[in-house]
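Working notes, beginning with the structure itself.
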Amino acid sequence: MDKRVRRKVGSKGKDKVDLPSYTEAESEVVDLSLKQAVDWVRLPNDTVIQLFSCLNYRDRASLSSTCKAWRTLSRSPFLWQSLDLRGHKLDAATAALLASRCANLQKLQFDGVESAEAIINLKAGGLHEISGENCRKITDATLSVIAARHEALESLQLGPDFCERISSDAIKAMAICCPKLRKLRLSGIESIDGDALNALATHCPNLTEIGFIDCHNVDEIALGNILSVRFLSVAGTTNMNWGLVMQMWSKLPNLTGLDVSRTDISPVAVSRLVSSLNSLKVLCALNCHGLEQNTSLVTGNTKGKLIVASFTDIFKGLAFLFADTTKKERNVFSDWRTSKKRDKNLDKIMTWMEWILSHSLLRMAESNSPGFDKFWLSQGAALLLSLVQSSDEDVQERAATGLATFIVVDEENASVDGGRAEAVMRDGGVHLLLKLSQSWCESLQSEAAKAIANLSVNVNVAKAVAAEGGIITLANLARSRNKLVAEEAAGGLWNLSVGEEHKVAIAEAGGIEALVNLIFKWSVGGDGVLERAAGALANLAADDKCSMEVVAVGGVRALVMLARTSKSEGVLEQAARALANLAAHGDTNNNNAAVGQEAGALEALVQLVRSPQEGVRQEAAGALWNLSFDDRNPEAIAAAGGVEAL
């Protein structure tokens, strides 16, 4: 899920929520006219709380520290109904500090086993939704304790990475402890047996949505006993006995949506399920090779039910669900989101479809299976762009990651599919992604910036990004205190800096200073962001004007520090290349002297010439060659052992 494209060039050349009411210290209306400065102290409390809600957690903390009144408002229950800790470390001590604010916490998102083990220390017994990522090391014991402490839980989602250490025992404990469970999505479980599934059927009468995704074994017979289920996904699950499925699942009285994407289901099984399930409205079967070999058997007689597959018109099928309410098929998602005439059942179907499509399309993009180029160009890219506009942040994030991934042909050689990249651009993708990158949610910022970075490898898309103000946006994101956001933004500036026409614009947007500051800020433990920042500076240093800006904002010191201390081959190569490009302007500026006179620069480059990595050796040798043209450097290079090393 982490496809990023890295570039290298040669040297130089949702619903409205009512805020709670508070008694105001003063009732005057603040004059916001241009003629009078805003008195922030007199802002209504509701306005301040709304302002807090638009900020990320770091900025909320900074704002709350300004005065006692705002510190009090920062504890408003309205601001602590949802908590996304995926980009933050959550251990037992941190959770204990947050506990006093989490009494009314409804939704929690976390990342990793340490955070999972710390959840109980939040003392948020009223949690309704828990969603976790990077769950490979989470054990039955941890999940069972979470279930026991959160009896009001209605939704649990763990994935999309595999939950390798969770077994049926934990699922059974979850069923017994959480009788209000409505939604259960688990990925990569080795085996889900009949006891666990029967426990869900017995103890969770409101369980309407189940996702057992990329699992190895699921008891088909017992799964057919969960009569409450309305939406079921077994996408990517292996070893399914489709004979038993046809026999047992046809008895599910409420099954409305079924997802069998990335399985070996046969056309016969699809036809039988469509004909026998009277309640079924949608069957999703993306990337099912058995169906793609014989499409006529699948699409021949669907009995008015929607089949979602790579060989069907998905937009047209979804529009059919709305009869005459959708004017244009490609606008089916946006029309549904803005419609004033809402159908409760259709809302549930479309909400489920958004999640299913975002997950399946991302998996397809990651696998990069051959034979889907027509699908991506005709509707896949458009589907991802429609999902980017969802009101569900999880769907938005997955769709943005899908856009960043499906265009990549060869990550190692920084190659993207031009047709796919320009299809995204033609459908307004650049504007949508730039807008998404300005979300308060840092995970959305990161994935949107990654997509923009990868798209910018294409020359035409890079021009569109620049025209839409993308350079300023990326420069601002590079200043983020979130390392992942800053890393993707630096990658975007690296790719854009390949184009000569973008270099000066990056400098004018403050991008060079932001990149240099990133090196100092993440000098330890940030190889990804350091390589991207150094790579962007290397490209920018090839321009005479930009090279002087690099020197002026401390770039030489930053790059020499990397050359001396980094252990990463990629970081060292880009740092050496940047120093080589800075030293290549001997006739037009004093950069050569600036590099040569920087303490430890020549010694570091000489050491890099001895590197076992060829790329590092070549760039370091090129830097020393350029530096040797300054009369003050040859003796110093020789004294540092440069002649012998070369």
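Including glycine, each Cβ sits where the backbone N, Cα and C put it.
The shown structure was predicted, so the numbers you read here are calculated from the model rather than taken from an experiment.
Look at TrEMBL and you will find 37-83 tagged as domain 'F-box'. Broken down with DSSP, the domain 'F-box' (37-83) shows 30 helix, 2 strand, 15 coil.
Annotation comment: TrEMBL describes 469-511 (among others) as repeat 'ARM'. Non-local neighbours of the repeat 'ARM' (469-511) in the same chain are 4-7, 9, 56, 58, 87, 430, 434, 437-438, 442-443, 445-447, 449-450, 452-454, 456-457, 459, 462-463, 517-518, 521-522, 526, 528-529, 532-533, 535-536, 539-540, 542-543, 545-546, 549; each lies 6+ residues outside the stretch with a CB under 8 Å from one of its CB atoms.
Positions annotated as repeat 'ARM' by TrEMBL: 510-555 (among others). Confidence across the repeat 'ARM' (510-555), taken as the mean pLDDT and rounded to a whole number, stands at 95.
Here the repeat 'ARM' (554-585) has, by DSSP, the following mix of helix, strand and coil residues: 25 helix, 0 strand, 7 coil. If you look up TrEMBL, you'll see 554-585 (among others) marked as repeat 'ARM'.
Sequence annotations record features per position, and here TrEMBL assigns repeat 'ARM' to 600-642 (among others). Below 8 angstroms of C-beta separation, residues 11, 556, 560, 563-564, 569, 572-574, 576-577, 579-580, 583-584, 586, 592-593 of the same chain, each at least six residues beyond the ends of the repeat 'ARM' (600-642), sit close to that stretch.
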